[in-house]
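Novice: Quick one: the structure is below, questions incoming.
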Amino acid sequence: MLDIVGFALPAPVGVRTQRRALFAARTNAGFSHRASANTVFGTHDPCSCTFGNFSLFSFPQSCRTPKLSLTQIAMSPPLTAFGPYRAPTNDTLMLESVSLNEIAERYGTPCYVYSQSALLQSYQEYRDAFQSFDTLVCYAVKANANLSLLRLLAAQGAGFDIVSGGELFRVLQAGGDPRRIVFSGVAKSEREIDEALKAGILCFNVESAAELQRLSERATRLEMTAPISLRVNPEVDARTHPYIATGLRTSKFGVPATTALALYRKAQKLPHLKIVGIDCHIGSQITTLEPFLEATDKILELVHQLAAEGIPLEHIDLGGGVGICYRDEDPLSLSAYATALKPRFNQFQGRLLFEPGRRIVGNAGLLLTRVEYLKTIPERQLVIVDAGMNDLMRPSLYQAWHEHEIVPVDAPRKTDQKVDIVGPVCESSDVLGTGRTLDVQAGDLLAILSCGAYGASMSSRYNARPLIPEVLVHGSQTTVIRRRETYADLIQHELS
């Protein structure tokens with residue numbers, strides 16, 4: 001056991017547990033970090049201490065409490081710190097000030113659980129890192145489109161990156177400002193274009209010559225002007241999973257850099273179009289700086305060519321893709337990113353846009369699931385849980401069985417046993433984790449961490465399994481922000 005800030009915490013298991021459960025803040029690359037006194041303790045001044053390569057936090061005696069939320073006390077470069085943390089009294093996992101056992105008892109399993117503090121801190125970290133620029137942070141709605149989460153971000157003044165008419169509808173319902181919306185996607189329909197034009201969005205990120213023509217035609221028909229940018233593929237290797245690498249020459253997204261200048265010239269001549277920017281997005285879950293800088297340099301080269309031809313731009317959109325820590329990754333520091341960009345944009349007088357999704361919401365959510373059965377088969381020990389690939393598609397879709405950390409909600413039992421965690425769906429690919437060191441029994445609760453992004457938003461009703469609830473935690477309060485579906489919900493739109 002490690003005695004931290006006056007109470008005992010279990011010894012950490014794995015790199016990520018050290019980085020988060022012990023209030024860790026990376027100190028490499030010259031970083032050191034302290035918790036903000038105002039965040040939790042009013043006027044009390046916390047002081048810092050160290051453990052190994054990590055910076056920890058200690059607090060005034062009067063402020064030591066067994067229910068310190070990690071999301072409330074620590075935000076570490078390059079990663080927004082996120083719970084859950086283990087309560088010192090009974091070693092159970094907490095999220096903010098709520099026990100995950102209580103959430104499971106109240107709302108059942110499986111269910112998604114989000115930390116409001118972690119979500120907002122992640123957004124604020126992105127916004128603050130680039131505060132020396134004229135910046136608009138456009139949250140990528142596809143990462144998690146829950147209305148309550150969108151409302152929280154809209155209240156912070158966030159912009160939004162959308163890829164469908166449905167996402168436009170959601171953002172507007174959540175109170176998002178249409179003048180802060182950028183519309184990406186390769187297959188914008190006439191209806192979607194018309195809806196976005198009427199809403200008055202900031203910009204269409206155009207992804208083909210055909211789309212450019214359609215935008216001109218729809219804007220002409222409506223007697224409106226369509227603000228446009230081109231999504232340009234800088235042909236940069238993002239060094240990520242091929243399914244989420246989007247800036248390559250062979251990608252279905254965007255237009256090749258070699259043809260972009262000609263398309264801008266064409267856009268100049270088409271009626272009812274206004275060129276306002278340029279956009280690129282090279283991929284997702286990128287944890288190194290080099291691909292971003294390589295893409296930026298190529299985009300800026302094109303920006304200079306456009307300026308020479310009398311095509312000035314109001315904004316440059318560098319997309320999203322900055323990765324998070326699932327288990328033991330070393331995510332990119334946003335401060336380092338901003339520092340590297342600064343000299344590159346000294347001469348640019350316009351606005352800088354970003355489209356983060358995973359970085360905002362990924363570490364803010366977890367999937368709570370219960371063990372149904374244990375099963376022994378040749379060469380494998382299976383832990384069968386009630387959450388499946390219909391609830392969390394990422395491991396199956398991206399062969400990411402190793403990514404999400406899976407931890408017991410109650411005090412972990414010591415074991416050397418390796419198990420595979422599998423779900424109930426009738427597919428061999430319904431695997432949530434492989435080779436995990438866990439000693440669990442039927443009925444135990446497990447938390448699958450870092451599921452805030454591309455979890456609920458990619459869920460389905462496969463095998464006629466109702467969609468599961470989403471619960472938002474704020475301090476000691478919990479709110480259902482999507483109810484659990486019933487069997488009746490499964491058939492309500494079908495005609496007999």
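Backbone N, Cα and C atoms are what each Cβ position is placed from, and that goes for glycine too.
Copied straight from TrEMBL:
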type	residues	note
ACT_SITE	Cys426	active site, proton donor
BINDING	Gly321, Glu355, Pro356, Gly357, Arg358, Tyr454	pyridoxal 5'-phosphate binding site
BINDING	Arg358, Arg394, Tyr398, Glu427, Tyr454	substrate binding site
DOMAIN	111-452	domain 'Orn/DAP/Arg decarboxylase 2 C-terminal'
DOMAIN	121-361	domain 'Orn/DAP/Arg decarboxylase 2 N-terminal'
MOD_RES	Lys142	N6-(pyridoxal phosphate)lysine
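I'm curious about the neighbourhood of these features; can you describe it?
Specialist: Sequence-distant neighbours of Cys426 (active site, proton donor) (same chain, six or more apart, CB under 8 Å from its CB) are Asn463, listed in sequence order.
In the three-state DSSP scheme, Arg394 (substrate binding site) is classed as helix. Here Arg394 (substrate binding site) comes close to Ala400, Glu403, His404, Cys451, Tyr454, Gly455, Met458: these same-chain residues lie at least six apart in sequence, with C-beta atoms under 8 angstroms from its C-beta.
The domain 'Orn/DAP/Arg decarboxylase 2 N-terminal' (121-361) scores a mean pLDDT of 93 in the predicted structure.
Counting only same-chain residues at least 6 apart in sequence, those with a Cβ under 8 Å from the Cβ of Lys142 (N6-(pyridoxal phosphate)lysine) are Asp161, Val163, Glu167, Gly357, Tyr454, Ser457.
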Novice: Excluding Gly321, Glu355, Pro356, Gly357, Arg358, Tyr454, please set out which residues of the same chain place their CB within 8 Å of the center of the CB atoms of the pyridoxal 5'-phosphate site, keeping sequence order.
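Specialist: Result: Ala140, Lys142, Ala143, Ser284, Gly320, Val322, Arg359, Ile360, Gly362, Ala453.
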Novice: Per DSSP, to which secondary structure element type does Gly357 (pyridoxal 5'-phosphate binding site) belong, with helix, strand and coil as the options?
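Specialist: Going by the DSSP assignment, Gly357 (pyridoxal 5'-phosphate binding site) belongs to neither helix nor strand, so it counts as coil.
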Novice: I'm trying to understand the geometry here, so how far is the Cα atom of Pro356 (pyridoxal 5'-phosphate binding site) from the Cα atom of Tyr398 (substrate binding site), in Å to the nearest whole number?
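Specialist: Approximately 20 Å lies between the Cα of Pro356 (pyridoxal 5'-phosphate binding site) and that of Tyr398 (substrate binding site).
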Novice: These are the binding-site residues: Gly321, Gly357. Which one scores highest on other Cβ atoms within 10 Å?
Specialist: Gly321
Novice: Look up Lys142 (N6-(pyridoxal phosphate)lysine) in the DSSP assignment and report helix, strand or coil.
Specialist: helix
Novice: On a count of neighbouring CB atoms within 10 A, which of the binding-site residues Glu355, Glu427 is highest?
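Specialist: Its Cβ has the most other Cβ atoms within 10 Å: Glu355.
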Novice: Rank the binding-site residues Tyr398, Tyr454 by the number of other Cβ atoms within 10 Å of each Cβ and report the first-ranked residue.
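Specialist: The most densely surrounded of these binding-site residues is Tyr454.
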